[in-house]
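Since the structure comes first, as structure tokens, the remarks are kept for the end.
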Amino acid sequence: MASFRKLVELYEELDNSTSHMKIIELLAEHFQSLEPAEVKITAYLALGTIGPRFEKIDLGIGDKYGIQAISRAYNVDKEKVEIAFGNQGDLGDVASALNERQRSSLTLNYVFQHFVQIRDISGKGSQKRKINLLAEVLSKARPLESRYIMRIAQGNLRLGFGEKFLLEALALAFTGSRDNTSKVEDTYNICTDIGQLGESLANHGMDSLGKFSIKIGRPVQMMLASRVDTMEELNEKFSGTMAAEEKYDGERVQVHVDGDNIKAFSRRLTYISAQFPDVIEAARESVKAEKIVLDGEIVAYRQGEFRPFQELMQRRRKYHVEEYVKKIPVTVFFFDVLYLNGKSLMKWSYPERRQVLEENLVETEKVKLAGRVVSADFSRIQHFFDDCVEKGMEGIIIKSVKAKSTYRPGKRGWLWVKWKKEYIEDVRETFDLVIVGSYYGKGRRKGSFGALLCAVLNESEKRYETLAKVGTGFKDEDFEEINDLLKKYSIEKKPVNILIDSNMQPDNYIEPAVVIEVIGSEITSSPSHTSGQENSGNGYALRFPRFLRIRYDKGPGDATTVEEVKHLK
Ligand code: ATP
């Protein structure tokens, strides 16, 4: 049985490693030394979580509870813990400094099971029970172990890498080669539970790839759309009949209906049913099938009118949900179906799926089918686009109607292509960039950030490369929100998956976690930015970047890619 200590040693080694390859090797070697069931647990713990993204993973241990647990575990006054926390800023470090225990025999399983128990405590007196249980685990741990127990309990592990590294390490550990990473990634698009996938790879190696199918309750990665530069290109790409659907500016949602049990998942595959009880109820009313998985977009919608994205974002909340259900009514527009009564429909063509969708939904005020036209006459498509823009929509998504128009989870291919109004209104483009650094503000912005260093994703290198320093476009209310996020994600050391030129050194490094939408005029080349930089030559830079909004619905893995920027150049 694996000890927890071994995992802690791995954490320490990972924390001291700065090379991508080294991290993959360390992880792979560690995985190989474990039983399959331990691989499962370790896959979660290596990412600092205790389960797949689509389950509840928050243990509910804020600083206040953490301080009490440490005080109890090590018999130290709460005030003393608070002072140490004030000085050190990390409760993991505080716990390890106050812990004087020299021995421990904690197993990996013991620690993991206790994390799960802490998470599951709810109801009356839950605060006290959570603290007691965490204190019990801490009291049995050695100093170094308590550091990581605290960090995981608070969702604060931050080793500077994400799922992509882990998938690569699993490929190396169990298929014999990193070259199989993209196959492992494809499987992960369908089996999005990284622990389950890890365990299966440990058991069956290559044989487990491609064996997974969509399952109710486990969301698949969402299919995405590509973009083109001109409307003529659309016509060429889809020659003949095509479908054009309204493109809504809202939040992507995958709804899983299993009889009375209905769940909603976000584009990042997090569980969002609690935020949208009205969507769950609306689906209950509209869906005719016993078991079905639907794909759609939640939009702020009032009396037949589309409301702006910003309004919908106010629905992203833990508290006062009922109040906001009334204040900001939403409608969900469904455009796809992936599963019906025990059968995956992902290999079916889009026209076949659309038919199933229409047969299984009753439209109401709160549930609608995506509006569309299907035509071989391109001028009809153009008119449809104009109408959509008129109605306040973002644009259209053209969808292939060919026999091969399957649903491809996690893929941004040419079966779906978006065409947005920004593309014609102006030459300006929007980019989804990841914040990787910040600079101190001066003058009126003293005490706040002055500018943000932002990056695009280099998919093949699995790292973030800088494209712009964004210092304009922020409204007064944005500062507080962004400062909070910067505080949350700021890290001392530059993570290995960020590439920053020496000319651009920020005052603070920010862990890649927050995505912002930025508008800019054109892509130029620059010696100070690292995106697309080959052999230390010039990189791409965005001219006149301006902040538009925070994209909470996107994770760093959804950012604009270097390839996309290259395409626009
Ligand atoms: P953008 O940044 O342009 O809003 P995106 O980066 O969020 O788009 P894209 O792949 O560019 O994602 O566009 C697909 C997104 O558009 C989907 O994730 C979905 O949220 C949204 N969408 C709105 N209407 C539709 C539709 N009819 N069919 C498919 N996706 C739609």
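A Cβ is built for glycine as well, from the same backbone N, Cα and C atoms used for every other residue.
Heads up, TrEMBL stuff is auto-annotated, nobody curated it.
Residues Glu245, Arg252, Arg267, Glu297, Arg412, Lys418 are given by TrEMBL as ATP binders; from Phe212, Phe335, Phe378, that same site also lists Phe335. Between the CA atoms of Arg267 (ATP binding site) and Lys247 (active site, N6-AMP-lysine intermediate) there is a gap of 15 Å.
Annotated pair Arg412 (ATP binding site) and Lys247 (active site, N6-AMP-lysine intermediate), C-alpha to C-alpha distance, rounded: 16 Å.
Under the DSSP three-state reduction, Arg267 (ATP binding site) is assigned to coil, being neither helix nor strand.
The binding-site residues examined here are Arg252, Glu297; by Cβ neighbour count within 10 Å, the least packed of them is Arg252. Across the range of the domain 'ATP-dependent DNA ligase family profile' (323-458), the DSSP-based residue counts are 37 helix, 57 strand, 42 coil.
Over all protein chains present, the Cβ of Arg267 (ATP binding site) has 20 other Cβ atoms lying within 10 Å. Maximum intra-site Cα distance, ATP binding residues Glu245, Arg252, Arg267, Glu297, Phe335, Arg412, Lys418: 19 Å.
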